[in-house]
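**Q** Okay, handing you the structure first.
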Amino acid sequence: MSDKIYPPPASAVQGAHVSGMAAYEALCKEAETDYTGYWARLARELLTWQKPFTQVLNDSDAPFFKWFEDGQLNASVNCLDRHVDAGRGDRVALIFEADDGAVTRVTYAELLAKVCQLANALKARGVKKGDRVVIYMPMSIEGVVAMQACARIGATHSVVFGGFSAQSLRDRVQDAGAVMILTADEQQRGGKSLPLKSIVDEALADHSCPTIKDVIVYRRTGGTVGWVAGRDQWLHEVVADQPTTCAPEWVEAEHPLFLLYTSGSTGKPKGVQHSTGGYLLHAALTTKWTFDLKDSDIFWCTADIGWVTGHTYITYGPLALGGTEMVFESIPTYPDAARFWKMIEKHKVTIFYTAPTAIRSLIKAAETNDAVHPKHSDLTSLRILGSVGEPINPAAWEWYHQHVGGGRCPIVDTFWQTETGGHMITPLPGATPLVPGSCTLPFPGITAAIVDETGNDVPNGQGGILVVKKPWPSMIRTIYGDPERFKKSYYPPELKGYYLAGDGAIRDEKTGYFTITGRIDDVLNVSGHRMGTMEIESALVGCTELVAEAAVVGRPDDTTGEAICAFVVLKRPRPSGDEAKAIAKQLRDWVAKEIGPIAKPKDIRFGDNLPKTRSGKIMRRLLRSVAKGETVTQDTSTLENPAILEQLGQAY
Ligand code: ATP
Ligand code: MG
């Protein structure tokens with residue numbers, strides 16, 4: 001974490017939903033004084049209930065907590081009908097920009113009509129409350145419609161990212177016992193058509209998924225696809241004669257809205273199950289407070305609907321508030337790496353939320369090709385920036401702040417997880433003074449804390465295990481079909497009933513600000529010195545003339561206990577031989593100067609890229625095997641670029 005402090009500019013404080021630190025502190029105080037009263041108040045203010053709840057939290061079967069248990073609602077009514085009913089049907093809900101730049105706008109009234117038509121079509125094919133429906137679709141209006149249509153009839157959706165293989169899709173369909181798959185003929189990304197339907201066919205081949213009765217196909221590209229009569233149907237055909245209204249299925253607050261399989265950067269994907277009421281509350285609340293969303297905003301979250309970020313901050317949060325948001329089909333580097341900046345200018349985006357991995361790659365692009373630098377676009381519409389998915393290192397933070405935000409936009413570095421449903425530790429843009437590299441303070445009502453291995457609080461300035469002491473409304477309810485794994489993974493007995501996030505963290509001695517130091521299993525012990533891998537990564541990436549990206553893992557070492565291994569992507573072509581040795585020395589000296597000689601990486605390996613999950617996260621478990629010199633035997637199904645592993649074989 002850097003030692004610079006950026007107080008929120010007056011323009012961000014003025015008129016903010018949470019305006020000034022005193023307002024933030026008052027909310028924290030309210031939650032502390034009357035925890036359930038606080039959440040109940042917000043649940044009544046932000047959501048529309050068909051049957052109001054009288055019970056707030058039921059903790060009698062901990063850690064299987066229940067929120068707003070006797071209340072009933074429908075998520076799609078909260079996201080659509082209530083805005084249309086309030087006379088806001090003509091507001092634009094979605095601004096869709098396709099791969100080729102074509103733009104389609106959909107109003108709330110139009111979106112509701114589409115959702116109802118598809119909901120009716122699903123019901124006509126026998127899908128009912130509680131059934132699981134897999135959505136394997138590109139970024140599209142239809143993808144959002146599919147999720148909302150499931151919510152409307154009480155079916156539990158499970159979105160599988162369109163980059164996953166047939167095997168990964170099959171695993172998820174089988175685990176969920178899904179009755180239907182919604183897909184597209186193909187997806188269009190970066191000027192290319194990529195298969196979807198043929199992957200579904202492969203996943204379902206040999207009767208491997210007997211629970212699937214129907215496959216509904218959105219025609220995106222018009223490419224040729226195989227067809228199984230009786231099973232496959234075109235989306236436009238099944239909705240064609242369906243009415244544009246559909247009575248919602250009222251569900252209990254605890255009814256599972258969706259399952260989402262985590263990205264798998266640390267192990268076998270697990271089906272994280274979320275509720276309807278508690279989840280939707282936090283989706284709406286965090287969109288409102290963390291992004292300070294207002295009617296005048298154009299909100300853009302660049303995540304795919306295949307990840308939790310796309311669920312909470314595309315499909316549910318902004319729509320629950322009646323906001324206007326972008327949905328983007330393509331990739332940040334097509335037709336060139338100025339695409340994001342040009343889109344912000346074109347659509348006058350005011351709030352922009354993306355991942356550090358995208359920022360780092362766009363920094364690299366702008367530094368090698370000035371033509372794609374954000375300075376060539378008019379980004380003055382922006383007022384708030386966000387970051388999610390990984391820690392954002394101070395160097396990337398500063399660049400984002402200066403070159404994208406023009407030095408005037410607060411950056412909300414939002415720490416959260418698939419399991420948490422929404423933001424947990426994050427600045428609020430009109431309140432929190434920012435420190436680059438720190439996700440700052442808990443969201444009001446979230447009891448985040450740092451403890452040791454036995455659940456005792458550790459003092460500020462001392463690193464430990466990140467936990468959440470009290471249950472919160474949008475928390476994971478279980479791992480689908482495996483409640484024991486849920487308990488074991490998130491509520492280990494030695495932690496006094498606290499939720500275990502799996503990340504390490506440290507709080508600043510003076511400010512109490514949180515910095516995430518890496519996954520718990522990424523804490524290294526080198527000759528008795530404990531170090532977060534993140535710290536070393538951040539130092540490496542801080543060598544801005546050389547390094548584009550870096551990942552650090554440990555490997556066993558006879559003399560030092562653990563040795564530090566760094567995987568580095570340079571801003572220049574991948575070196576070898578003497579050149580690689582010279583650069584490796586230069587980097588070691590740099591780290592020694594930045595952190596201390598103890599943090600010097602023993603091995604440095606260069607790649608054109610790093611092994612990442614489809615969601616863009618570095619797969620550290622694979623790097624640990626490579627560092628040990630093992631052949632990689634783990635599940636690489638979620639790996640984006642398997643060829644990279646070979647390049648990383650050589651250590652310098
Ligand atoms: P899996 O759980 O399958 O191994 P994953 O943890 O990468 O995959 P996600 O739920 O998408 O799946 O990511 C949550 C994790 O991402 C957090 O536990 C944390 O490690 C990291 N993370 C997310 N946002 C931030 C942030 N703002 N700062 C630091 N780390 C973050
Ligand atoms: Mg995780």
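Yeah, the Cβs are placed from backbone N, Cα and C, and that goes for glycine too.
According to TrEMBL, the protein carries these features:
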{"type": "DOMAIN", "residues": "24-79", "note": "domain 'Acetyl-coenzyme A synthetase N-terminal'"}
{"type": "DOMAIN", "residues": "86-472", "note": "domain 'AMP-dependent synthetase/ligase'"}
{"type": "BINDING", "residues": "ARG189, GLY190, GLY191, LYS192, THR309, SER527", "note": "CoA binding site"}
{"type": "BINDING", "residues": "GLY389, GLU390, PRO391, ASP413, THR414, PHE415, TRP416, GLN417, THR418, ASP503, ARG519, ARG530", "note": "ATP binding site"}
{"type": "DOMAIN", "residues": "535-617", "note": "domain 'AMP-binding enzyme C-terminal'"}
{"type": "BINDING", "residues": "VAL541, VAL547", "note": "Mg(2+) binding site"}
{"type": "MOD_RES", "residues": "LYS617", "note": "N6-acetyllysine"}
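Locate each feature and note its surroundings.
**A** Under 8 Å, Cβ to Cβ, and six or more positions away along its own chain, GLY191 (CoA binding site) finds ASP99, TYR334, PRO335.
When Cβ atoms from all protein chains are considered, those within 10 Å of TRP416 (ATP binding site) total 25, not counting its own.
Taken residue by residue, the domain 'AMP-binding enzyme C-terminal' (535-617) breaks down under DSSP into 28 helix, 27 strand, 28 coil.
Other Cβ atoms within 10 Å of the Cβ of LYS617 (N6-acetyllysine), summed over all protein chains shown, number 22.
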**Q** When the Cβ positions of the recorded positions THR309, PRO391, LYS617 are compared with the atoms of ligand 1, which fall under 6 Å?
**A** PRO391, LYS617
**Q** Of all the recorded positions given, namely LYS192, TRP416, ARG519, SER527, LYS617, which is spatially nearest to VAL547 (Mg(2+) binding site) at the Cα level?
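**A** For VAL547 (Mg(2+) binding site), the spatially nearest of the recorded positions is LYS617.
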**Q** For a quick check of packing: other C-beta atoms within 10 Å of the C-beta of VAL547 (Mg(2+) binding site), how many?
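**A** There are 23 such Cβ atoms around VAL547 (Mg(2+) binding site).
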**Q** Can you tell me the CA-to-CA distance separating THR309 (CoA binding site) and THR418 (ATP binding site), as a whole number of Å?
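**A** Taking the Cα atoms only, THR309 (CoA binding site) lies 8 Å from THR418 (ATP binding site).
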**Q** Name, in the order they occur in the sequence, the residues of the same chain whose CB lies under 8 A from the CB of LYS192 (CoA binding site) and which sit 6 or more residues away.
**A** none
**Q** Radius 10 Å, atoms counted are CB only; among the binding-site residues THR414, THR418, SER527, which position scores highest?
**A** THR414
**Q** What same-chain residues, at least 6 away in sequence, bring their CB to under 8 Å of the CB of ARG189 (CoA binding site)?
**A** ASP99, PRO138, GLU329, SER330, ILE331, TYR334
